[in-house]
Amino acid sequence: MSQSVEERTRIKNQRYESGVIPYAKMGYWDPNYVVKETDVLALFRVTPQPGVDPVEASAAVAGESSTATWTVVWTDLLTACDLYRAKAYKVDAVPNTTDQYFAFIAYDIDLFEEGSIANLTASIIGNVFGFKAVKALRLEDMRIPVAYLKTFQGPATGLIVERERMDKFGRPFLGATVKPKLGLSGKNYGRVVYEGLKGGLDFLKDDENINSQPFMRWKERFLYSMEAVNRAIAATGETKGHYMNVTAATMEEMYERAEFAKQLGSIIIMIDLVIGYTAIQTMAIWARKNDMILHLHRAGNSTYSRQKIHGMNFRVICKWMRMSGVDHIHAGTVVGKLEGDPLMIRGFYNTLLQTHLEVNLPQGIFFEQDWASLRKVTPVASGGIHCGQMHQLLDYLGNDVVLQFGGGTIGHPDGIQAGATANRVALEAMVLARNEGRDYVAEGPQILRDAAKTCGPLQTALDLWKDITFNYTSTDTADFVETPTANV
């Protein structure tokens, strides 16, 4: 029912009284608000300070992440302030908690610069996270409207084109990170790359913190790595690649390194999340213009994504990175050494791979999301995985993933090439069993043992790592599940 002119006038006069009034009364709380298709939606987990009403805390989050300050300002009247105010429109208690609330907040699309992750995040995760009225605050999910998505280029290459370039279909990509990640000379580094690729991997990669240190400058690494790639291609007849980490102190230096990688014939470059949103978008634009695959290492994300009550959920980073234009992003393994609840990981992968997301509360997906034809991002599973887990990896993660066995390749007792061969044989045996309709999850260990009868490197790997697991309960688990999930 619409308000009368008198009622609207009364509210307006009350709202613009001088001084400090509650955010909820300033217009940042509207339980009757009708969400528009063009609104940017955000879901925050709000933990109010003791004595602070959850509705007021949610309204404060809406206000401080949009147009509000601590007191009424008359200059609001010079703007379309009723339109530009973010509106908290629903507040729900978080299941199984006594002091946490889900705040649903809508933002008008005109509050954000087109095609700018930096501007979007300056509002959504800006000053509001230091606001005293909340004890803790976490951004759990967002819905990005199609009208805003269309201002971003999306992944530079995308999964489908990458498969065509690599000529790899019907199975996950196989890769490995060079180990040790720091300290090798350029020549030894190149040898590791060659052995891994010749043994059967599709990719080798730099790790997040190998840039241009005194023990090996970047140009030396690039030259030896590409020599290794070319020799491995000649030896195997397969398309291969090495992720060249072009992360550097300045954009000018990153451009120089990326251009050199291109001149050497590399099909892929790599950057780290820590370079920042603007730099990531800038390199994604460069990658698309230069027909390069862009790999993103999520270095630094757990400083703000791992804890359940403060920071932001990694699924939000997945959405921002798909908008920014990366082709790969590390997104968890479930069974490896890094944080990863099975349901949460599935939600991350779906966010990166699906063209349309439905609400799925067990996976932590709170909003329907149409991806507006933005290309798919290939998830990367890396960190503490080995060939003995191949049936679990294929079951949890599916085909569209890069499985990276760093220590699980280079730590093989018979050498790097043997480690790579063990992983390739294990993967192909498991994919074949799946394609034949076998219950490859239940039969997985036996499938691997059978494959190892004709592959000595696989048998050695299974003997070495058969008992290695990382069974820790995840800190970030779903709020809407019947039973707890374990990292097994």
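Placement of Cβ uses the backbone N, Cα and C atoms for every residue, glycine included.
In the three-state DSSP classification, His330 (substrate binding site) falls within a strand. Among the features that Swiss-Prot reports, substrate binding site is placed at Asn127, Thr177, Lys181, Arg298, His330, Ser382, with the record citing sequence analysis.
Neighbours of Lys179 (active site, proton acceptor), defined as other CB atoms within 10 A of its CB across all chains, total 16. If you look up Swiss-Prot, you'll see Lys179 (among others) marked as active site, proton acceptor.
The Cβ of Asp207 (Mg(2+) binding site) lies under 8 Å from the Cβ of Thr177, Val178, Lys179, Lys181, Leu182, Asn245, His297, Gly406, each on the same chain and at least six residues away in sequence. The Mg(2+) binding site annotation in Swiss-Prot covers Lys205, Asp207, Glu208.
What Swiss-Prot lists as N6-carboxylysine is Lys205. DSSP classifies Lys205 (Mg(2+) binding site) as strand under the three-state reduction.
His297 (active site, proton acceptor) falls within a strand segment according to DSSP. Swiss-Prot lists His297 (among others) with the feature active site, proton acceptor.
The site 'Transition state stabilizer' annotation in Swiss-Prot covers Lys337.
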Ser382 (substrate binding site) versus Lys205 (Mg(2+) binding site) - Cα distance in angstrom: 11
Secondary structure of Lys181 (substrate binding site) (DSSP, helix/strand/coil): coil
Glu208 (Mg(2+) binding site) versus binding-site residues Asn127, Arg298, His330, Ser382 - nearest by Cα: Arg298
Cβ-Cβ neighbours of Arg298 (substrate binding site) (radius 10 Å): 23
Set of same-chain residues at least 6 away whose C-beta sits under 8 angstroms from His330 (substrate binding site): Leu296, His297, Arg298, Pro379, Val380, Ala381, Ser382, Gly383
